[in-house]
Amino acid sequence: MACSASLRPLFTFSHLHSHSRNPKKPKFLFLNPDTNPNPPSKSVTHLKSKKDPISSKPLSVSGGKSGFSVGAQREFSTGGDDEPLLSDTTDQEVFSWSSVILPFLFPALGGLLFGYDIGATSGATLSLKSAELSGTTWFNLSAVQLGLVVSGSLYGALLGSIIVYPIEDFLGRRRELITAAVLYFLGGLTTAYAPGLGVLLVGRLLYGLGIGLAMHGAPLYIAETCPSQIRGTLISLKEVFIVLGILLGYFAGSFQINQIGGWRYMYGISAPFALLMGLGMLSLPPSPRWLLLRAVQGKGSLQEYKEKAMLCLSKLRGRPPGDKLSERQIEDTLLSLKSAYADQKSEGSLLEVFQGPSLKAFIIGGGLVLFQQITGQPSVLYYAGSILQSAGFSAAADATRVSVVIGLFKLLMTSVAVLKVDDLGRRPLLIGGVSGLALSLLLLSAYYKILGGYPLVAVAALLLYVGCYQISFGPISWLMVSEIFPLSTRGRGISLAVLTNFGSNAIVTFAFSPLKELLGAANLFLFFGAIALLAVVFVVLVVPETKGLSLEEIESKILK
């Protein structure tokens with residue numbers, strides 16, 4: 001079903017002040033793509049309704065036989081749906097749902113492949129070190145060697161985040177995701193056919209490089225190409241794909257765990273998904289925002305970039321090539337970018353992300369992904385099996401079944417966040433979810449310290465932790481990261497955020513065992529609980545609400 005609305009410019013921040021000075025003066029004439037461009041004059045009337053999720057103005061919703069229209073408060077022609085409408089505000093974009101699916105799906109496969117590696121590795125390591133099941137003569141791996149196999153993709157992701165930082169604007173979002181797909185494909189096949197440990201580690205590193213590029217490029221591409229009114233839903237839905245990937249990895253492990261050389265199949269299954277991702281990204285256009293940014297930075301012919309951006313936007317919105325609506329959006333966008341970056345002749349220094357509005361954005365985005373890891377998410381799940389076993393669940397003896405149960409619950413709670421993020425907003429989900437994290441960690445500490453006779457308390461705390469994480473830090477952190485940075489430093493800013501995320505993940509993973517021995521489980525969870533309380537304070541004091549704002553409105557209203 002097509003979703004049609006009066007046209008909202010793709011980037012709209014140069015007109016914000018003019019709207020506030022002349023709130024009743026019509027600025028643009030927006031046409032429904034099916035209307036006559038020169039209709040007869042009609043009288044108009046105001047329609048009232050809910051809030052516009054883009055401009056924070058009242059919405060009007062009208063139904064029809066084939067679709068519906070949503071936009072800011074408007075003056076509609078009384079002639080019906082076939083008449084153009086005159087607006088005194090910038091309105092939402094016109095799009096068809098069929099055109100939205102693929103530009104989301106293929107980048108989201110990068111998240112699915114990241115999650116798949118997490119799930120598959122849990123079963124692959126059991127298979128790899130088994131004398132009966134590994135199918136190798138080098139199965140007797142030391143703790144260090146096994147640790148390198150497990151963490152190889154993590155350190156590859158760290159390296160990928162570093163490599164992409166200075167070149168992401170040159171690559172562009174689309175080519176970065178194509179490169180990630182190639183690395184995923186090569187890493188999966190190399191790992192699956194590895195004749196020895198050395199080649200296996202190379203494969204894990206290649207796959208990790210793909211993770212680093214995909215986790216950087218996917219939120220960028222989705223945020224810059226999707227309609228603003230569903231941006232929060234789609235970027236949060238990418239987290240669902242990560243959880244789906246984890247579940248697929250768990251299922252692959254449970255099916256192949258008793259096969260000789262099963263670990264090869266567990267890793268090799270990723271290759272077809274990587275191939276699909278690469279072919280899909282080849283069929284998609286570049287980000288129009290990226291093309292226009294390159295144009296105003298003087299990286300090529302302005303007219304050529306503008307024409308390419310218009311064609312890309314037409315394709316992304318399911319419109320015919322060269323349509324007037326896309327042309328009008330691109331023209332308005334280009335004027336806005338020229339105004340915003342009049343003094344910027346190049347990408348600037350690599351340290352630009354630590355200056356002015358970009359620094360504020362990095363404090364917000366980097367802080368969220370840092371707290372996402374140092375509140376102990378990997379460590380809490382480490383205890384999942386023992387907690388469930390202590391509660392008397394016999395199925396917990398099978399690690400793969402426990403993992404599947406936890407994964408299904410993660411998927412359910414992530415779906416709640418996806419459904420509510422564009423309705424409730426980012427801050428309420430973060431504040432409520434992170435507060436729940438703190439409570440669950442304190443309950444786990446109390447269980448290991450004084451409530452050992454009440455295992456159901458630990459089970460409830462575990463499920464509370466998983467659920468609260470999946471409605472807060474899990475999806476919302478990456479959503480905020482993808483939308484908070486200014487356009488001029490968005491690529492490098494997200495690269496640093498990805499680096500912060502994987503770096504803190506590596507530190508927490510490495511430090512977990514020593515901290516557990518030093519502090520004990522009760523004090524370790526108490527420590528994580530204190531960090532979670534600090535995270536609540538951080539969200540309340542520092543993190544803004546971005547619901548209903550375009551990417552350029554976020555830059556002009558929040559960062560400046």
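These residue numbers are counts, starting from 1, taken along the chain as shown.
Just so you know, glycine gets a Cβ as well, placed from its N, Cα and C.
Curation does not apply to TrEMBL; its annotations are automatic.
Per TrEMBL, compositional bias 'Basic residues' is recorded for 18-27.
Annotated compositional bias 'Low complexity' per TrEMBL: 60-71, in sequence order.
According to TrEMBL, the transmembrane segment annotation covers 94-118 (among others).
Across the domain 'Major facilitator superfamily (MFS) profile' (103-547), the model assigns an average pLDDT of 86. Positions annotated as domain 'Major facilitator superfamily (MFS) profile' by TrEMBL: 103-547.
If you look up TrEMBL, you'll see 138-165 (among others) marked as transmembrane segment.
Annotation comment: TrEMBL describes 177-199 (among others) as transmembrane segment. Note on the transmembrane segment (177-199): residues 106-107, 109-110, 113, 138, 141, 145, 149, 153, 156, 160, 171, 205-211, 213-214, 217-218, 221, 264-265, 267-271, 273-275, 277-278, 281-282 of its chain, located 6 or more positions outside it, place their CB under 8 angstroms from a CB of the stretch.
Long-range contacts of the transmembrane segment (205-223) within the same chain: residues 103-104, 107-108, 110-111, 113-114, 117, 152-161, 163-164, 168, 173-174, 176-177, 179-184, 186-188, 190-191, 231, 234-235, 238, 270, 274, 287, 478-479, 481-483, 490-491, 494-495, 498, 501-502, 551, each at least 6 residues beyond the stretch ends and with a Cβ under 8 Å from a Cβ of the stretch. Look at TrEMBL and you will find 205-223 (among others) tagged as transmembrane segment.
The transmembrane segment feature in TrEMBL is assigned to 235-253 (among others). Among residues of the same chain six or more beyond the transmembrane segment (235-253), those with a C-beta under 8 A of the stretch's C-beta atoms are 104, 107-109, 111-124, 126-127, 218-219, 222-223, 226, 265-266, 269, 400, 403-404, 407-408, 410-411, 414-415, 417-418, 421, 470, 474-476, 478-479, 482-483.
The transmembrane segment annotation in TrEMBL covers 265-284 (among others).
Under the heading transmembrane segment, TrEMBL lists 429-448 (among others).
The transmembrane segment annotation in TrEMBL covers 454-481 (among others).
The transmembrane segment annotation in TrEMBL covers 493-512 (among others).
According to TrEMBL, the feature transmembrane segment maps to 524-543 (among others). Listed by sequence, the residues of this chain that lie at least six past the ends of the transmembrane segment (524-543) yet keep a Cβ under 8 A from its Cβ atoms are 363-364, 367-368, 371, 374-376, 379-380, 426-427, 430-431, 434-435, 437-438, 441-442, 444-445, 448, 480, 515-516.
Ranked by the number of CB pairs under 8 Å to the transmembrane segment (265-284), the listed stretches 94-118, 138-165, 429-448, 493-512 are led by 94-118. Counting residues 6+ beyond its ends, the transmembrane segment (138-165) has Cβ neighbours under 8 Å at 117, 121, 125, 128-131, 171, 176, 183, 187, 196-197, 200-201, 204-213, 215-216, 350, 492, 495-496, 498-499, 502-503, 505-506, 509 in the same chain. Here the transmembrane segment (429-448) has long-range neighbours at 368, 371, 375-376, 380, 383, 417, 420-421, 454-455, 457-458, 460-462, 464-465, 467-469, 471-473, 476, 520-523, 525-526, 528-529, 532-533, 535-536, 539-540, 543, meaning same-chain residues at least 6 beyond its ends whose C-beta is under 8 angstroms from one of its own.
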